[in-house]
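Residues annotated as active site, proton donor/acceptor in Swiss-Prot: Cys70, Cys182. What Swiss-Prot lists as substrate binding site is Asp7, Ser8, Tyr39, Gly40, Asn71, Thr72, Thr183, His184.
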Amino acid sequence: MRIGIFDSGLGGLSVLNEALSKLSEHEFLYYADVKNVPYGQKSRDEILKFSFDAVKFLVKNGAKAVVVACNTATSVAIKELRANLSVPIIGMEPAVKKAHDLSHDDALKTLVIATPVTVNGAKLKELIINLNAKDKTELLALPRLVNFAEKAEFESENVKSYLKEELVKFDLSKFDFLVLGCTHFNYFKDSLREILPPNVSIIDGNEGTIKRLISELGLKISSVNLTPNVKFFYSGEEVCEQNELEKISRNLARLEKMRAIC
């Protein structure tokens, strides 16, 4: 089966990496909207247009299902995409429910880091209210992380200083989970792990998203790991340049290392 994965940029490679670990016999189309990244500070109308352009492109190129591997696009566009397109559309959702289910100490909180659009959006707030977790959840927008990720600036002093400056706003000893509410943030798990107290676990929504994809399409987890069959597109143009393909390969290799950090 041909499956499309769409993100504003290269953050969604973390979702592709998760998909390849479980569904290696399937074909994937990965669409990175690099001309318009980042989405986190764009208007709602802009994000809707970009999302429809991307998903329609993937469907036109044979995708039988599409994963919107972008929390910001999911927050803004998922309802409209599902209402107007006939293929299954799987969205991202910050792993707040997972953190809520795993937490065994009512005195400790969950910190969700995401883009400004996701943090201020109704979808995340509705999720928190439905879980009755408003008093146990704090939100923090980290817009610069997306730009760092797109530049492949993962471990610089600029990144570490930025994270420390933002996270110092919270008494981290009062938290037990940090939820990555943006797929770009998976690149920074090592830097986050250095800053966070040992008792704070890092979780993301990638595994849950691919589980939903498998369930909705009735797929089976691959019994063997085959060579990935993936075509990459930058805002509708197939990526053929060797240097760009090598960059994507390096990013996937880094994300595979980051999967082990929690």
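Keep in mind that glycine also has a Cβ here, set from the backbone N, Cα and C atoms.
Annotated features taken from Swiss-Prot, shown on the structure.
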| residue | record | DSSP class |
| --- | --- | --- |
| Asp7 | substrate binding site | strand |
| Tyr39 | substrate binding site | coil |
| Cys70 | active site, proton donor/acceptor | coil |
| Cys182 | active site, proton donor/acceptor | coil |
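Using the Cβ center of Asp7, Ser8, Tyr39, Gly40, Asn71, Thr72, Thr183, His184 for substrate, the list of other same-chain residues with Cβ within 8 Å runs, in sequence order, Gly9, Gly11, Gly12, Val37, Pro38, Cys70, Ala73, Thr115, Thr118, Val146, Cys182.
Take Asp7, Ser8, Tyr39, Gly40, Asn71, Thr72, Thr183, His184, the residues named in the record as contacts for substrate: the widest Cα to Cα gap among them comes to 12 Å. Set side by side, the binding-site residues Ser8, Asn71, Thr72, Thr183 differ in how many other CB atoms lie within 10 angstroms of their CB, and the most is found at Asn71.
In sequence order, Phe6, Asp7, Ser8, Gly11, Gly12, Tyr39, Met92, Thr183 make up the list of same-chain residues 6 or more apart from Cys70 (active site, proton donor/acceptor) whose Cβ falls under 8 Å from its Cβ. Reported as a whole number, the C-alpha separation between Cys182 (active site, proton donor/acceptor) and Asn71 (substrate binding site) equals 6 Å. Taking a C-beta cut-off of under 8 angstroms and a sequence separation of 6 or more, His184 (substrate binding site) has the following same-chain neighbours: Gly9, Leu10, Gly11, Leu145, Val146, Ala149, Glu150. Here the Cβ of Asp7 (substrate binding site) has 30 other Cβ atoms within 10 Å, regardless of which shown protein chain they belong to. Its Cβ placed at the centre, Tyr39 (substrate binding site) has 28 other Cβ atoms within 10 Å.
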